[in-house]
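Q: Just dropping this structure here.
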């Protein structure tokens, strides 16, 4: 295949995956602004003011902030809140701001899960609601149809989405072309709406109606939901294809459609009940509902896949316990399925659909998670600009300060919607933050306890006398510590009075980069007396495979035969106590998560028939 064809294929794929969320925003953004919980009178002045706000919000928050500025802050090609967090963590190590910034990154990851629950619900609901334009009698079927579509979507996740994924690009290309054509068809009847490109309309609207415009910001931000996906998916497609797709198709199509809806409302204010599905003739409504449903399913799929990816990153970065990760493609390493994440999302999405009943009710819940994440991204990237890009402090203050001011304005406009549904992402964010920080703190306490009980390796080596027999073969002891003796080895010595001829003390560590190449995967040192220390390194986007890593040790003169290799694991049982460190309820939560974590043998892909587990009890 020629480079040109590969480039076109990558571009079409990027359009299918990256822009699904922001691409389906025209279904509800303008409708919610004029007819939502804080409705705005549909007058020409207000239409021009809102259109100007939408235009400049998209240009500043997506084009300038994400496409031009933040997409430069890649972590070895990867993007997203956790990749940005890992980059900032590395840059600020040893500084006072290190811990607060790390907590901000964790909050962003927590808010992401609230967002990933709301997106499938609001997207598919808004598409199916188009049936109400055909006849109001179909309103009763909107929620059941939405539930069926989403159930099928989540049910097929375990089979992989490779085959269906090939259709994503062409379908979304058709979607964006349809958005553009519908917009143009209405703009020709009221071309004066294009004057709203001037920022003076937005400024006048804000000064004439300060309270109304503040409420409007809470809905206008719906036009940029999914903008952060441009940065999140950068690792899959690269910076250039995403930028090319944005400027070449997605941005023009979105703006044309919003201005087309504005032109429609100038001629027919009653169309505000569902302006998107009123853009075309009546015969087009049903085909448009079908196309919109496909587009929203694709948008939902992108968010679900993103949730799997964030879960894997969080596990690797020590923020979540081990979970089962299934690779659904033999060709694409990034195509994974995380059962726990999938079904947690499914039940949450179903609860939202049944509980909120309409996209308008859900819109109030949507903005908080998105604006909160965007604001944190801006704060984190300010440190990248200052410490990595070496921007002048004045440039950082002006550029990042302006973006942060905009982020805060949108966040403030959404935080007032707590009672209307904004409580949901805050609740999910709080639960997620508690889980992430409890696991991180619990693991730190465990490491501290193990270090306190650790016996120096040289003491053990000196104690190896004639009473200790040497068994044939190799023993691999997995340990989180890079010094001292693993508890499993001490237990083996104490109870069996034997040590293997070759002992490999193995630590699997996660780098603050997305990928570690095979050439840098393993590092082995000879300690003496048949003992060796092995460090296996993986990136936070990779899944550990200990047997595969052992096969790379040939460069150190070591070969491993699985039939003569035994793996020794220490299985700790944690006992909550009143010792200082964590609140008792958090210790119990940590213990519960540990008991339900995927077994180390499964997670590290170790043959179960070659494993010996030795138990130990720890107070935390």
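Backbone N, Cα and C atoms are what each Cβ position is placed from, and that goes for glycine too.
From Swiss-Prot, for reference:
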TRANSMEM  7-27  transmembrane segment
TRANSMEM  50-70  transmembrane segment
TRANSMEM  102-122  transmembrane segment
TRANSMEM  136-156  transmembrane segment
TRANSMEM  168-188  transmembrane segment
TRANSMEM  211-231  transmembrane segment
TRANSMEM  246-266  transmembrane segment
TRANSMEM  284-304  transmembrane segment
TRANSMEM  336-356  transmembrane segment
TRANSMEM  368-388  transmembrane segment
TRANSMEM  393-413  transmembrane segment
TRANSMEM  415-435  transmembrane segment
Q: Between the transmembrane segment (136-156) and the transmembrane segment (7-27), do 3 or more CB pairs sit under 8 angstroms, pairs being 6 or more residues apart?
A: no
Q: Looking at the transmembrane segment (415-435) and the transmembrane segment (136-156), are there 3+ C-beta pairs under 8 A, with each pair at least 6 apart in sequence?
A: no
Q: Contact between the transmembrane segment (368-388) and the transmembrane segment (284-304) is defined here as three or more C-beta pairs under 8 Å separated by at least 6 residues; is that satisfied?
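A: These two segments do not touch.
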Q: Do the transmembrane segment (336-356) and the transmembrane segment (102-122) share at least 3 Cβ pairs closer than 8 Å, excluding pairs fewer than 6 residues apart in sequence?
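A: They do touch: at least three Cβ pairs between the two stretches lie under 8 Å.
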Q: Please figure out which one of 50-70, 102-122, 168-188, 211-231 racks up the most CB pairs under 8 Å against the transmembrane segment (368-388).
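A: Going through each listed stretch, the top one turns out to be 102-122.
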Q: Under 8 angstroms, Cβ to Cβ: which one of 50-70, 102-122, 168-188 has the largest number of such pairs with the transmembrane segment (211-231)?
A: 50-70
